[in-house]
Amino acid sequence: MIIKNLTVRFGAFTAVDDVTLEIPQGAIVGLVGESGSGKSTLAKAVTGLVRYTGEISGADTRRIQMVFQNPYASLNPRMTVGASVAEGLRLPRADRAAEVERLLSLVSLPGAVAQRYPRELSGGMRQRVAIARALGARPELLVADEITSALDVSVQGSVLNLVRSLREELGLSMLFISHNLAVVRYVSDVVAVMHQGRLVETGPTEEVVDAPRHDYTRSLLEAVPRLGRVS
Amino acid sequence: MRHLLRSPAGLAGTTLVTIMVILAIIGPPIWGAEAERINPSAILQGVSDAHPLGTDNLGRDILARVMVAGRLSLLLALLTTLIGAVIGTVLGALPSVLPRRGARVVTGTVNALVAFPGLLLAMFTAVVAGLGAKGAVLGIGVAIAPGFARLTQTLAASVAGADYVSAARMLGVPRMRVMTRHVLPNIAEPLILNLTQALGSALLALAGMSFLGLGVQPPSFDWGRLLFEGFSRIYDTPAVALGPAVAVALAGIGFNLLGDALARAAARTTTPAKAAPVPAARQEIEEPDPEAVLEVRDLTVTFPGGVTPVRGLSLTVAPGEIVGLVGESGSGKSLTSSAIGGLVPYPGKVTTGRLRLCGVDLAELPEQERRKLLGTSLAMVFQDPMASLNPALRVGGQLAEVATVHQGASREKAWERAVDRLDHVHIPEPERRARQHPHELSGGMRQRVVIAMGLMGTPRLIIADEPTTALDVTVQRQILRLLRQVTAETGAATLFISHDIAVVGELCDRVVVMYAGRVVEELPVDQLVTGAAHPYTRALVASLPDMDTDRSLPLASIPGRQPAPAEVGAGCAFAPRCALASDRCAELPPLIPYGKAHSVACWEAQ
Ligand SMILES: Nc1ncnc2c1ncn2[C@@H]1O[C@H](COP(=O)(O)OP(=O)(O)OP(=O)(O)O)[C@@H](O)[C@H]1O
Ligand code: SF4
Ligand SMILES: [Mg+2]
């Protein structure tokens with residue numbers, strides 16, 4: 001999928017400024033930047049939730065799905081997990097249960113979870129359910145906006161592992177948004193750095209992380225807290 | 001249900017409504033015949049033993065009629081409320097389903113109707129629909145519908161913004177289905193609660209209509225009708241009007257109280273009541289450490305219902321030392337800091353074996369002196385700097401106030417010091433910033449202001465609770481540096497609370513790891529990566545991706561979740577998630593020394 005000259009304005013304020021970005025088939029593109037840099041607005045533009053100018057080509061925009069930041073707000077508390085996951089399915093009723101089970105197993109959840117309600121699940125499990133629901137629509141692109149930032153470190157790992165295995169097993173393309181550079185580095189093939197609405201640097205993960213070209217990228221990298229590095 | 005009966009209003013409401021319902025069921029079969037029995041020899045009698053409320057113009061016993069009229073009154077009220085609720089909910093839900101233009105028309109109509117006087121609307125409808133019970137029910141029903149519509153609209157709008165509704169839209173779920181599956185079920189509860197109250201109002205309104213002669217017509221009778229018939233005699237035999245009036249009032253009050261209590265009970269989040277008892281004060285407490293700035297022994301925080309978020313926690317912080325308190329959300333980090341600062345909200349209960357600040361036992365100080373000591377020697381920095389700043393005051397003034405109140409400084413001196421402190425925490429142009437309000441500063445700058453506020457005195461202990469969680473990494477780094485600098489130059493002890501073990505690993509000298517309200521490991525920071533002994537600490541470190549993580553390997557993760565404060569059992573709380581758990585772990589492992597400056601609470605520490 002190719003995003004070309006995408007701009008989003010709120011009145012006089014330009015939240016996303018002339019962004020051009022390619023998300024290759026089967027790749028995870030990581031988008032980093034500070035709060036207010038326009039990451040979420042770009043995500044919303046790509047999923048059609050805000051108006052934008054510019055062009056998105058190479059993907060059916062109706063087949064773009066999004067996973068949200070807060071797993072406690074993204075599942076209907078009154079619906080069972082199975083019912084939530086089944087919502088996006090375009091299948092005859094009889095085949096749905098089997099498909100729900102398949103989707104849950106894709107995100108490494110036991111089929112029995114389908115009968116449970118969101119409140120009975122941990123944040124990490126809910127986030128898996130939200131991913132399973134999005135996968136049910138057979139997306140061409142999955143937009144993940146800060147999907148681990150509401151999770152504790154102890155469960156973040158399993159969600160990140162899942163993200164990577166989905167790419168490997170399903171060849172899923174993904175726009176993975178996070179303010180956490182270590183997380184983005186771990187899952188992404190390509191890293192794009194956003195600053196004040198513009199993309200300041202884009203490149204293969206190793207290159208951006210090991211040999212940043214832009215000053216802003218360098219200051220971001222420098223600021224990442226590191227275990228055992230006593231300042 | 002238990003909550004409902006606990007409050008006097010809830011109890012009264014439930015009792016009244018129960019009585020009314022029983023009356024509606026048993027009234028007609030028991031008193032029906034008597035209420036209809038015409039007795040020409042007892043016309044228009046007053047109060048007597050045979051007729052406690054007198055008789056009417058056909059000699060019928062009024063008490064019996066009041067008892068019988070309950071059924072019709074309640075049924076009509078119920079019908080009215082249902083009509084109002086159905087019309088109202090549909091009107092309120094329509095804007096979310098209709099295309100934009102239709103939605104605007106419906107919203108406008110509802111707004112106009114809400115502004116229209118309810119009584120006029122009711123009378124108008126009643127007159128159009130025809131005199132009698134049918135007209136009254138329809139009239140009142142129509143009159144209460146706009147209120148319901150408005151409520152539905154407001155509630156629906158709040159749910160329509162939820163992420164799960166966006167997700168459903170993105171999946172292509174049709175509008176109607178979004179409404180019926182996602183929106184309505186999630187607003188049903190407040191709507192139903194409102195229904196109970198509406199029932200009370202409908203009852204009163206219907207009685208009003210009957211009283212005006214617009215409602216129930218003879219030979220049927222409800223309380224309003226009885227009131228209407230008795231009213232002309234109110235001066236010579238007040239009891240004939242009083243009986244039905246009291247019945248209407250009690251029923252109306254009952255439903256209103258019950259609705260109110262239900263709403264309050266629903267707003268309360270219920271907590272499970274079962275919990276393992278916290279072992280009371282453990283072994284003998286050793287001698288106090290004269291050097292320590294903060295010494296906490298066996299700190300426990302409990303809330304009613306067996307909720308114990310902090311369980312026998314012990315902690316020591318030395319001068320010039322930065323101790324990191326880490327743990328996942330809900331492990332009790334913030335409550336620990338609140339307990340130290342005496343800020344645990346009601347109805348939390350704090351017990352300690354010992355709580356010493358700067359060598360003084362806080363429990364032994366009188367209230368006033370304790371406050372003074374906390375006020376001058378403890379500085380607290382929270383995640384949200386606005387929690388510590390008054391949005392209406394200039395930041396310089398807020399800082400200066402600390403000096404004038406606690407140190408008795410003059411206003412000029414205090415202002416000077418405030419500017420100096422702002423400069424000290426690296427705020428550019430401190431004179432100008434001092435004259436600004438908090439909202440004119442960025443998040444990072446506000447956090448600096450809060451730190452500067454702590455530096456107005458000479459803090460002995462700085463407690464920083466997730467001070468950088470809301471900040472960007474680059475700003476976070478500056479704040480961490482500042483904390484380190486401040487700790488070094490004041491020689492204060494710093495307790496730094498964070499869920500981010502990487503931040504703690506970079507800033508702190510010593511790390512205290514909490515899990516489910518207890519300390520599970522305490523170790524020097526340089527041992528964190530390679531020398532951690534508790535399975536939880538090891539898993540935390542392993543699951544954290546950093547800039548050197550091998551990208552070809554999967555990350556470690558911990559299955560399951562931390563038990564809620566009310567679910568913590570008697571043994572090791574980590575056992576359900578622990579790969580090393582054995583039978584022994586059903587018993588609580590004590591926190592015992594494990595090498596130099598290192599202690600662990602685990603039977604299998606390695
Ligand atoms: N509806 C809106 N109207 C006006 N301004 C908006 C609106 N939505 C976002 N913005 C602004 O756009 C900018 C970018 O917002 P966005 O939420 O996309 O940033 P972000 O980088 O994702 O931030 P965070 O990491 O905090 O979520 C911000 O300055 C924000 O205030
Ligand atoms: S005490 Fe047992 S369950 Fe607890 S951490 Fe140690 S080995 Fe695991
Ligand atoms: Mg964002």
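Just so you know, glycine gets a Cβ as well, placed from its N, Cα and C.
TrEMBL annotations:
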- B:12-31: transmembrane segment (TRANSMEM)
- B:70-259: domain 'ABC transmembrane type-1' (DOMAIN)
- B:74-98: transmembrane segment (TRANSMEM)
- B:110-131: transmembrane segment (TRANSMEM)
- B:191-214: transmembrane segment (TRANSMEM)
- B:234-258: transmembrane segment (TRANSMEM)
- B:294-541: domain 'ABC transporter' (DOMAIN)
**Message:** Mean pLDDT across the domain 'ABC transporter' (B:294-541), rounded to an integer, is what?
**Reply:** 89
**Prompt:** Can we call the transmembrane segment (B:234-258) and the transmembrane segment (B:12-31) in contact, meaning three or more C-beta pairs below 8 angstroms at a sequence separation of 6+?
**Reply:** yes
**Prompt:** Most CB pairs under 8 Å with the transmembrane segment (B:74-98): which of B:12-31, B:110-131, B:191-214?
**Reply:** B:191-214
**Prompt:** What same-chain residues lie close to the transmembrane segment (B:12-31): Cβ under 8 Å, and 6 or more beyond its ends?
**Reply:** 4-5, 64-65, 67-71, 74-75, 250-251, 253-261
